[in-house]
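Q: Questions regarding the structure given below will be posed in turn.
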Amino acid sequence: MDKLDYPTTSSRCAVVKAIRARELRGVGNNIGEMFDDRCGSLSDTSRLIKALRNREIRGKTRSNEMYGNIFERNRDKSIYQKDLKAHTGCVNAVEFSPQEEYIVSGGDDCNVLLWRTAKCCVEANPQPVTSMEAKHESNIFALRFSLFTERIYSAGNDFRLLVHDLKTRALLRTFTTHGGCYYRVSTHPANDDVIAAASEDKHAYIYDLRLSEPAMKIKHRGHVFSVEYNRRQPNLIAVCSKSDGLVVHDIRKTTDYYASAGSFTSNAICAQWSPEGDAIFCIISKSDPIYFNLLNSEYMHLHDPEYKNLCTVKSCTFAGSNYLVTGSDDWNIYVWKVPDIWTGEETIDQAYTVLKGHRSVVNHIQYAEQSNLLISCGVEKIVKCWSAAEMQGSYREPKRRTRMGRMIITQSPDADLIESTEEDLQVLYMFDHFYEDAVQRELINLDSNSDDSSERAFLFTADSNENSSDDESFLSEITATSCASEDENDSTSDSDGVGRKRVRMEDASNEVAESSDEI
């Protein structure tokens, strides 16, 4: 693997040229400059040159000004995509660094891999520049960079949250839960020593790297799937948990919720704040995503007839302020656009655009605004990179496959492919089977339940004394609810230690079925 400080020979000249230009003209788009140097024959070159000329006159230019917004371009014609291959198992997490110069990925092979974003665009077969020295003992579910890209946080199924030094690759710290996996990590937007983590042991943790114990533990009634800081108001964190659903905590007073979205979000698995901190995008297992406008306490259901979220724990993200992006069980990435004018309490009936290219369930997506790039991952062994501009080794027409349906699996995953970066179709077929089972269970549940209820918007208040008359209704009133007092002796796991083993594929059917019923 390449050392971090030394780009490969094939890209060194382009890197040096980009850095020299940046020193002369100020902050620049180094990826765009590398495209100009390495991909000068592309049809988009004239647009790039024009954008660079405009940047010299007017200042900084973003990639979407050069090539057009990635989602708008996809509506006209499929955008470019390419596959990054290095993992030997499902890739469960992928993240951009704050300045977008790096990508980190991790998954079932327990490795934390670091990529250069520019190399992923300009090299036909890019490889990670390095991997972290410390490996997890089980599946990785969560990754984040520190504020200044000095550290990488990784966490997952071994009950451990590892803090890696990006430059030396050494392990700096280890945090552990009471007995459950970590699902998500969030960095404090102002304090580089503070992070938050969501855990299966029913807690949202606040860690201070300067302390040996958690600085704060917020107890919930069920598994905590997601935690995210508000970038504009760091004292606010959005938390998604089983039973409690989507809630917002003010960490200055954690005995009560700052706000609760109500029991209709009890299956919420991820929530993201808008860049301005005045909206929340929330995805809910077995239901449509919801966009909450916190300025006027209105909300909007985001529907598409093909979108499905039944099988796995997924993430969601804002792409800018108006685009809402998440993966789906039907192997696609769905993008909704918030309308300029809307009255609230309404539904968008169809996604704004859909990105097609994965060959199995898409669990995690991240968007880089400066570079106008999207990265995604899931059941496959690849990280997929999406761009409005052509990349070396990219393509527009992906090879798809046919879902196998409710087949009876008689063949185990290919032993020769377990440690290979090549895809094992038996694993993909296995998840096809899990999905069809989940669909059948959902149809049975729909036949036995009704959703008559009234609707209320997400309201930032702790003064209401009203309570929902039906805790199981699809939509319920938004009330301020007291968080259950913390019970230090409450055991939430059958495991008696940190060393949870990697999940074997032959055991996956039981685990996925159980998680689908729980979420």
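Quick reminder: no glycine exception, Cβ is built from N, Cα and C everywhere.
Automatic, uncurated: that is what TrEMBL annotation is.
So TrEMBL has the following annotated:
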REPEAT    84-115  repeat 'WD'
REPEAT    355-387  repeat 'WD'
REGION    463-519  region 'Disordered'
Q: State the residues, same chain only, that lie 6 or more residues beyond the ends of the repeat 'WD' (355-387) and have a CB under 8 A from a CB inside it; answer 'none' if no residue qualifies.
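A: Those are 29, 31, 62-64, 67, 69-70, 74, 78-85, 87-96, 99-100, 103, 105, 107, 115, 117, 120-121, 311-320, 323, 325-329, 331-333, 335, 394, 398-401, 421-424, 427-428, 431-432, 435, in sequence order.
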Q: Counting by DSSP secondary structure, give me helix, strand and coil numbers for the repeat 'WD' (355-387).
A: 0 helix, 21 strand, 12 coil
Q: Across the repeat 'WD' (355-387), what does the pLDDT come to on average, as a whole number?
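A: Mean pLDDT for the repeat 'WD' (355-387): 96.
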Q: Of the residues in the repeat 'WD' (84-115), how many are helix, strand and coil by DSSP?
A: 0 helix, 18 strand, 14 coil
